[in-house]
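The next block holds one structure in the form of structure tokens; read it before the comments.
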Amino acid sequence: MLIPGMEEQLNKIPGFCENEKGVVPCNILVGYKAVYRLCFGLAMFYLLLSLLMIKVKSSSDPRAAVHNGFWFFKFAAAIAIIIGAFFIPEGTFTTVWFYVGMAGAFCFILIQLVLLIDFAHSWNESWVEKMEEGNSRCWYAALLSATAMNYLLSLVAVVLFFVYYTHPASCSENKAFISVNMLLCLGASVMSILPKIQESQPRSGLLQSSVITVYTMYLTWSAMTNEPETNCNPSLLSIIGYNTTSTIPKEGQSVQWWHAQGIIGLILFLLCVFYSSIRTSNNSQVNKLTLTSDESTLIEDGGARSDGSMEDGDDVHRAVDNERDGVTYSYSFFHFMLFLASLYIMMTLTNWYRYEPSREMKSQWTAVWVKISSSWIGIVLYVWTLVAPLVLTNRDFD
């Protein structure tokens, strides 16, 4: 829908893109507004399934069959809702859906932050364990190199931010964002190696802090690329030497169908989904978030299979219903995660632009503050993982 020239191709279909007899005009079928409507259909499909799956406790519930089957009808329903979304009257739809998408994308960013913090701690624990088991010099060098590389990338990012996204007499907001986030990351890094923190969490260290610092710098850059003031928000093409006047598409112009921050955002989204799919965290709360079951369930599944699903000497593996007594994850929350993911993809593909009555797609300060506040929340969450054992002394954080 964002590829340049798509509107011209649709115009070639007789009667398809004429604003007559209720037929949808082509400027709704292509560009950013088309992304809004397509993702609206997906989001509503997942939200309906999420509401339908509330309180499903086991696979014996009739609604569980909808979750685990009926694929043809679910695909047909999703396509029907998406097609129907293109016939919604414009009115205030795009503006209202922009704010809904922004709220959902913000929630999904918070989920990414939780997974990132869990990844940082898991990475550090894994390498420290290998360092303690043997060949300590090799693993210590790897740990030190990874930490140094992350901090070096963050330092280079800060320098480039000040060079390209600030000016001596203007861009005070960018100066504040860069400086505050740099100081917060520095404070979190120092806190991670304080004696009291090390005493309560011997495996906390600078590797986790460096990962959080890199991600915070990414969120800072992503926020600055959404500033409405173009002199404080140069496009990536202009930075690397290409002459570009504006990255904001106007009526009659082809939209720029790719943005550097959008591509990076989608890559992080895919990595987040991939990590949540393969990772079984040491933290039970993170397991609930990533919708993974614990090892005891898998062991019980293996026992159940040997009891009744296979005969002796039979090498054929048969499916086993391991959720007759209780589901291993929340069906409702699973679909709600996909609802939030649809909104995050929508905002990322449209670069968090909002459609204005002047028929332009513009960056908004709201998007800037959403991303900056999420970076602060991420640092707060990481600091809480450090100080929680000192504050909640009656709980076991092993």
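Cβ atoms here come from the backbone N, Cα and C positions, even for glycine.
TrEMBL: automatically predicted annotations, no manual curation.
Source: prediction; values computed, not measured.
The transmembrane segment feature in TrEMBL is assigned to 34-54 (among others).
Residues annotated as transmembrane segment in TrEMBL: 66-88 (among others).
If you look up TrEMBL, you'll see 94-117 (among others) marked as transmembrane segment.
Nonlocal intrachain contacts for the transmembrane segment (138-164), taken as residues 6+ away from its ends with a CB within less than 8 angstroms of a stretch CB, comprise 124, 127-128, 130-131, 174-175, 178, 182, 185, 205-207, 210-211, 213-214, 216-217, 220-221, 224, 234, 239. Marked as transmembrane segment by TrEMBL: 138-164 (among others).
If you look up TrEMBL, you'll see 176-194 (among others) marked as transmembrane segment.
The feature transmembrane segment is assigned by TrEMBL to 257-278 (among others).
Within the chain, the transmembrane segment (333-353) has long-range Cβ neighbours (under 8 A, six or more residues past its boundaries) at 2, 32, 35-36, 39-40, 42-43, 46-47, 49-50, 53, 100-105, 107-109, 111, 225-226, 248, 259, 261-262, 265-266, 269, 273, 291, 361-364, 367, 370. Here TrEMBL flags 333-353 (among others) as transmembrane segment.
If you look up TrEMBL, you'll see 373-392 (among others) marked as transmembrane segment.
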Remote residues contacting the transmembrane segment (176-194) - C-beta distance under 8 A, at least 6 residues beyond either end:
154, 158, 161-162, 165-166, 204-206, 208-210, 212-213, 216-217, 220, 223-224, 372, 375-376, 379, 382-383, 386-387
Rank 66-88, 94-117, 373-392 by Cβ pairs under 8 Å to the transmembrane segment (34-54) and hand me the top one.
66-88
Chain residues outside the transmembrane segment (373-392) and at least six past its termini with a C-beta under 8 angstroms from it:
106, 109-110, 113-114, 116-117, 120-121, 181, 184-185, 188, 191-192, 196-197, 200-201, 204, 208-209, 212, 215-216, 219-220, 223
